[in-house]
Amino acid sequence: MYGLVVCLFGMIFGLIQYQGINKLPVHAAMKEISDLIYETCKTYLITQGKFIIILWALVAAIIVAYFGGLNHLAPDKVVFILACSLLGIAGSYTVAWFGMRINTFANSRTAFASLGGKPFPTYAIPLRAGMSIGMLLISIELFAMLCILLFIPVDYAGPCFIGFAIGESLGASVLRIAGGIFTKIADIGSDLMKIVFKIKEDDARNPGVIADCTGDNAGDSVGPTADGFETYGVTGVALISFILLAIKDPSIQVSLLVWIFAMRLVMIVASAVSYWVNDALAKMKYGNADEMNFEKPLITLVWLTSIVSIVLTYIASYMLIAQLGDGTMWWKLASIITCGTIAGALIPELVDRFTSTECAFVRNVVQCSKEGGAALNILSGLVAGNFSAYWMGLAIIVLMGAAFGFSTLGLDVMMLAPSVFAFGLVAFGFLSMGPVTIAVDSYGPVTDNAQSVYELSLIETLPNISNSIESEFGFKPDFENAKRYLEANDGAGNTFKATAKPVLIGTAVVGSTTMIFSIIMILTGGLADTGAIAKLSILWPPFLLGLLMGGAVIYWFTGASMNAVTTGAYYAVAFIKKNIKLDGVTKASTEDSKKVVEICTRFAQKGMINLFLTIFFSTLAFACLESYLFIGYLISIALFGLYQAIFMANAGGAWDNAKKVVETELHAKGTELHDASVVGDTVGDPFKDTSSVALNPIIKFTTLFGLLAIELAIKLPTTISVSLAVVFFLLSLVFVHRSFFSMRIAVDKD
């Protein structure tokens with residue numbers, strides 16, 4: 001029950017921050033723009049909600065077949081599992097809506113705060129909004145899981161956890177993928193106008209700008225928030241499944257389950273304490289400063305939270321499991337989680353080395369662009385992405401290796417496959433400062449939108465605006481410094497938007513090993529069947545074929561998601577070029593802006609259908625075809641997906657901040673150098689915000705859904721199973737074909 005109290009504390013913390021941001025001062029012109037962005041986002045999110053329910057019907061059919069037909073659960077219990085899956089969807093959807101709402105409050109308040117002549121409020125408001133999202137997200141997710149654990153009978157809680165996690169994963173997959181497509185169609189459509197018409201960023205006359213602002217929330221707020229909610233849920237379910245399958249002693253099971261949930265409560269406390277301490281330190285240092293490095297206090301917050309979290313992990317472990325095993329298990333398990341916590345702090349630091357405006361790789365992109373234009377800009381960005389994948393992969397390997405080392409110190413007495421449990425705890429440790437990870441990720445869309453709100457409000461052109469602001473709000477606005485603060489803060493936002501992506505994809509990959517182990521336990525009779533275990537090898541051809549197939553699907557997924565962006569952007573650009581009016585108007589018409597939003601929504605929906613249904617039918621096909629082929633497929637998706645996602649996310653981040661350097665430091669807007677940087681940023685848009693980020697929920701959904709699919713498949717007669725595999729595979733090919741040809745741009749005849 002203490003856990004529920006801590007969850008309520010986290011929710012109250014988030015809601016208090018929400019109310020506080022809503023009450024911050026804001027000029028009417030800026031509030032009008034942020035309200036318009038919110039209304040557009042609301043329409044988009046309602047559309048996606050209807051779409052999620054349609055896809056849920058497909059998943060629900062498999063849940064009914066598995067729990068009702070295969071396991072012969074009573075109808076009322078099957079209905080309750082379905083209700084838990086809907087609860088998972090509702091959780092993802094609710095926190096996504098909350099994140100979108102508070103960010104659309106924060107963007108206009110940040111834009112207005114920049115006029116005060118001091119940079120600190122421009123930093124503090126986006127972070128405050130992010131902490132509100134992070135604390136509420138983790139608290140709601142944990143509250144739901146604690147309710148299942150505490151109030152559902154033990155023999156029935158497992159299926160409810162599975163249903164809840166599948167619902168979370170479905171909601172996150174749709175919102176993350178569709179949001180990623182939407183935002184980059186809008187972003188590219190808006191950005192390319194800077195080259196075509198030589199207009200400034202966020203020019204109010206550009207009909208694509210409102211869609212771009214909507215996309216910042218749909219792709220960089222709604223998607224990541226739902227993704228974060230799902231990540232914490234699925235990682236927890238994977239560990240719960242392992243404990244129930246690999247540990248035979250009920251008393252040890254109970255001790256470890258209590259400990260796991262206590263560690264999740266620790267992350268809430270650690271994040272809240274660290275935020276308050278960091279806020280006080282940042283205020284002392286920068287509160288009255290005229291200049292500040294916006295990245296510095298964010299980096300401090302990440303490391304401070306990791307240190308507090310590690311200390312509390314050891315303290316809580318000693319208090320809860322000091323008597324477990326030989327009396328040393330508490331520090332061994334705490335040390336394994338600490339490996340993940342260090343990874344959660346180290347990965348953002350590594351991301352900073354490849355995407356920050358100050359880093360050597362971004363400076364290399366800028367320098368290459370000066371002589372080689374867009375061609376060398378793109379090549380040097382690819383270099384940054386590839387190098388980042390190496391170093392982040394190495395960091396993850398070293399820390400997983402350390403966790404494996406701890407797992408050899410006697411854990412095998414308590415459980416089967418202790419190394420798998422260790423890897424699951426590493427994934428858990430990745431998330432040990434969850435609210436802060438979400439907060440620094442949410443920082444980016446607010447800073448991006450704040451810049452747009454400032455420009456779209458046309459506040460500098462309003463009659464007698466300086467005197468009006470001084471009269472109403474009590475200060476003289478500083479327009480020049482305001483723009484400079486917003487641009488510099490956006491650079492920090494770009495960097496920290498990039499930091500959460502590898503953390504989340506890392507948890508998907510490391511955590512998926514735990515879920516794959518659950519499938520292996522089913523196939524090998526609890527690791528007792530040596531003949532079955534021998535098939536987990538490249539000496540068993542189906543396993544090798546599965547490894548090859550997983551890589552193929554990852555590369556198709558990358559191409560199909562980018563194609564959805566490319567096609568949508570083509571039509572958005574064509575519409576904007578045809579309808580933009582630059583003479584005699586101060587802003588684009590509402591009708592034209594809505595039309596661009598409509599184009600983005602249409603292609604996001606079409607792309608999402610093809611992507612999700614291909615993954616859905618492929619999972620069923622390979623599970624039905626051959627069990628060990630399916631294991632190879634899952635492993636391959638995780639490994640290929642990890643490096644593809646890291647490479648794409650950081651290459652995109654490097655291109656984005658190279659453009660920021662050209663604009664804010666070199667003041668080269670409107671030059672050939674700027675054009676080259678815009679081209680690079682355009683290529684990077686779907687890299688970092690569509691394909692890479694969508695791989696995280698897809699890996700988790702495939703693994704989690706695969707757990708049901710494989711159990712269904714192995715209990716079917718071989719003839720029926722293979723026949724279904726053929727049918728499902730052909731259906732997947734239909735949507736693979738549609739992912740290009742149904743969205744192909746018509747070729748001009750001339």
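Placed from the backbone N, Cα and C atoms, the Cβ positions cover glycine too.
Taken straight from Swiss-Prot:
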- LYS184, LYS688: substrate binding site (BINDING)
- ASP656, ASP681, ASP685: Ca(2+) binding site (BINDING)
- LYS497: site 'Determinant of potassium independence' (SITE)
- 51-71: transmembrane segment (TRANSMEM)
- 78-98: transmembrane segment (TRANSMEM)
- 133-153: transmembrane segment (TRANSMEM)
- 161-181: transmembrane segment (TRANSMEM)
- 227-247: transmembrane segment (TRANSMEM)
- 257-277: transmembrane segment (TRANSMEM)
- 327-347: transmembrane segment (TRANSMEM)
- 391-411: transmembrane segment (TRANSMEM)
- 420-440: transmembrane segment (TRANSMEM)
- 538-558: transmembrane segment (TRANSMEM)
- 694-714: transmembrane segment (TRANSMEM)
- 716-736: transmembrane segment (TRANSMEM)
Positions on the same chain near the transmembrane segment (538-558), where near means CB under 8 A and six or more residues out: 611, 614-615, 618, 622, 626, 628-641, 644, 648, 691, 694-695, 698, 736, 739
Count of other CB atoms lying within 10 Å of the CB belonging to LYS497 (site 'Determinant of potassium independence'): 29
Sparsest-packed of the listed binding-site residues (ASP656, ASP685) - C-beta count within 10 angstroms: ASP685
Largest tally of Cβ atoms lying within 10 Å of a Cβ, found at which of the binding-site residues LYS184, LYS688: LYS184
Contact yes or no, the transmembrane segment (694-714) and the transmembrane segment (51-71), 3+ Cβ pairs under 8 Å, gap 6+: yes
Distant-in-sequence neighbours of the transmembrane segment (257-277), which means Cβ under 8 A and at least six residues beyond its ends: 2-3, 6-7, 9-10, 13, 131, 134-135, 138-139, 142, 145-146, 149, 232, 236, 239-240, 243, 301, 304-305, 308-309, 312-313, 316-317, 320-321, 333, 337, 428, 431-436, 439
Cβ-centroid neighbours of Ca(2+) site ASP656, ASP681, ASP685, 8 Å, sequence order: ASP187, ASP191, GLY652, TRP655, LYS659, GLY680, THR682, VAL683, GLY684, LYS688
Spatial neighbours, same chain, of ASP681 (Ca(2+) binding site) - Cβ under 8 Å, 6+ residues apart: ASP191, TRP655, ASP656, ALA658, LYS659
Nearest of the binding-site residues (LYS184, ASP685, LYS688) to LYS497 (site 'Determinant of potassium independence'), judged by Cα-Cα distance: LYS688
Beyond the flanks of the transmembrane segment (78-98) by at least 6 residues, Cβ under 8 Å: 14, 18, 45, 49, 52-53, 56, 59-60, 63-64, 67-68, 133, 136-137, 140-141, 144, 148, 159-172, 175, 221-223, 225-226, 228-230, 233
The transmembrane segment (51-71) vs the transmembrane segment (391-411): 3 or more CB pairs under 8 Å: no
Stretch of maximal Cβ-Cβ contact with the transmembrane segment (161-181) [cut-off: under 8 Å; candidates 133-153, 227-247, 391-411, 420-440]: 227-247
Alpha-carbon spacing, ASP685 (Ca(2+) binding site) to LYS184 (substrate binding site), which is rounded to whole Å: 6
